[in-house]
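K.L.:
Below: one structure in structure tokens.
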Amino acid sequence: MLAGILWNEISFILLFAIISTGALVEYFRLVRKMDNGYDKDSGWQYIGALCANIAIIVMFIGGGVWTRSLQGSGTLLPVHAIGVLLSILFLMVLPLGDIIISQHIDMKNLRFTLLGLLYISLPFSLLIWIRTHTGSTPTHTDPAVHAPGWLIPLLLIIFIWINDTMAYIVGSLIGRTPFSKISPKKTLEGTLGGMILAVAAAGVYGYFWGYQWLAFLHWLVLAGIAAVAGTYGDLLESKLKRLAGVKDSGSIMPGHGGFLDRFDSLLLAAPFAWVYVYFFLHNFAV
């Protein structure tokens, strides 16, 4: 996984396209366990959703990426525009197969499908946007501009891991107060301890070593986003599993569950990180 993140943009995109697709498939399985009626459709909207998942990723790659038309006319088409068109195609046209083949369309099932794209495809697409739209132009005026594109996605993953690890350790040592009924093992002391220590670790590294990449404040904010949003992302996925009556979302990684189990925190942290990068690290984007 680390090689896919660090190697280049293509490897990063392929890695998270695979993760996004796997997580979406697991989401569909959870929904089927929560609502038996979700199995009654013809399957066209599932196919459309999986295709739209990739199309949405393509849409968020674009902007600064261009491709020539197949006719060789020299006309340049933005990749993100192609993604938009494909997303519309798969989201709006393929569900019509349910009407043609099954003679009906279940709006509740369609909402479940669209929610899956919002919950899974959009966050991973935003993470890919951060990777593909952030540059490393050398300048001495803004430390953020020196950061490579993979830095923020990697930092989010690291900060989430620190938060989870520290929350477990602190909770095991001094945890007394249950944090949420959704996840009985989580304690308030452990949750707060994990958040504080994750931000503290980011601050120490950012102050002494990371300032050449990102300003000190950015380290603190990104760690805070990863810790807080990541914690609630974990709770959200726990709620879905509880509603579905399963322990793990999948078994792709024996002993570690499925894609959703591994990346649930990132699903909520990525959108908030994107907002921060887009609005407050504007010099960081190219």
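Each residue, glycine too, has its Cβ placed from N, Cα and C.
Note: TrEMBL annotation is automatic and uncurated.
Small disclaimer: the values here were computed from a predicted structure and weren't measured.
So TrEMBL lists the following for this protein:
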- 6-25: transmembrane segment (TRANSMEM)
- 46-67: transmembrane segment (TRANSMEM)
- 79-100: transmembrane segment (TRANSMEM)
- 112-130: transmembrane segment (TRANSMEM)
- 150-171: transmembrane segment (TRANSMEM)
- 192-210: transmembrane segment (TRANSMEM)
- 216-235: transmembrane segment (TRANSMEM)
- 263-281: transmembrane segment (TRANSMEM)
K.L.:
If you count every Cβ pair below 8 Å, which range out of 6-25, 112-130, 192-210, 216-235, 263-281 shares the most with the transmembrane segment (150-171)?
P.N.:
192-210
K.L.:
Considering only Cβ pairs under 8 Å, which range in 6-25, 192-210, 263-281 makes the most contacts with the transmembrane segment (112-130)?
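P.N.:
Maximum Cβ contact count belongs to 263-281.
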K.L.:
Could you tell me what the rest of the chain brings near the transmembrane segment (216-235), counting residues at least six beyond its ends with Cβ under 8 Å?
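P.N.:
Counting only partners 6 or more residues beyond its ends, the transmembrane segment (216-235) has Cβ contacts under 8 Å with 144, 152, 155-156, 159-160, 162-164, 167, 180, 182-183, 186, 191, 194-195, 198-199, 201-203, 205-207, 210, 264-269, 271-273, 276, 280-281.
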K.L.:
What else in the chain is close to the transmembrane segment (6-25), if you only count residues 6 or more beyond its ends and a Cβ gap under 8 Å?
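P.N.:
For the transmembrane segment (6-25), the far contacts come to 49-50, 53-54, 57, 61, 116-117, 120-121, 124-125, 127-128, 131-132, 149-150, 153-154, 249-250, 252, 258-260, 263, 267.
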